[in-house]
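Undergrad: Questions regarding the structure given below will be posed in turn.
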Amino acid sequence: MAHLVWQDDLNTGIQVIDNQHKRIVEMINLLHDAQQGKEHAAIAEVIEELVDYTLSHFAFEETLMEDAGYQFSRAHKKIHELFIRRVSEYRVRFQAGEDVGDELKGLLSRWLFNHIRNDDAGYVDAVRHSMSELVKDKSEGGWLSRSMKRFFG
């Protein structure tokens, strides 16, 4: 498997999410590179970093969806949980000495691109709207500032 290449159709238009997705792609490519060196410790380090980063990305993404009131946030979170379970199984197999690198890279790349194009695309409008409301709210002085003006002139 060659290095993954970011494609424009993967952009959600939410810069912070796109940057996180790109970082995950970079990490999958690092896994590929570590595998070429055949150093177990280097591969283990990349797998751990990739899993940790993905978990934090999921938590961030889920918070954005919940804050935006996205109606399918619970279902989306379930998808994340199932994926985490699958990747955790690969981690255990790797720690037991099994060579799961190619299999794991294939799963990660297929799942990530499919997930971004299909599942993540569903929340984009709600999150973008929520984020624009936050920016608007901040530019208008925020909730407290508006309330103070309304009550005290």
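Every residue gets a Cβ built from N, Cα and C, even glycine.
Owing to the predicted nature of the structure, the values given are computational and were not obtained by experimental measurement.
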Undergrad: Same Fe cation 2 site as His76, His80, His115, Asp120 according to Swiss-Prot: which of Glu49, Glu61, Glu98?
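TA: Answer per Swiss-Prot: Glu61.
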Undergrad: Quick check: of His21, His32, which does Swiss-Prot put in the same Fe cation 1 site as His57, Glu61, Asp120?
TA: His21
Undergrad: With the cut-off set at 10 Å between Cβ atoms, which of these binding-site residues ends up with the most neighbours? Options: His21, His115.
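TA: Of His21, His115, the one with the most crowded Cβ is His21.
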Undergrad: What's the CA-CA gap between His115 (Fe cation 2 binding site) and Glu61 (Fe cation 1 binding site) in angstrom, rounded?
TA: 13
Undergrad: Provide the number of Cβ atoms within 10 Å of the Cβ of His76 (Fe cation 2 binding site), excluding the reference atom itself.
TA: 20
Undergrad: Around the Cβ of Glu61 (Fe cation 1 binding site), how many other Cβ atoms lie within 10 Å? Please give the count over every shown protein chain.
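TA: Other Cβ atoms found within 10 Å: 23.
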Undergrad: Counting across all protein chains shown, how many other Cβ atoms sit within 10 Å of the Cβ of His80 (Fe cation 2 binding site)?
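TA: Counting Cβ neighbours of His80 (Fe cation 2 binding site) within 10 Å gives 18.
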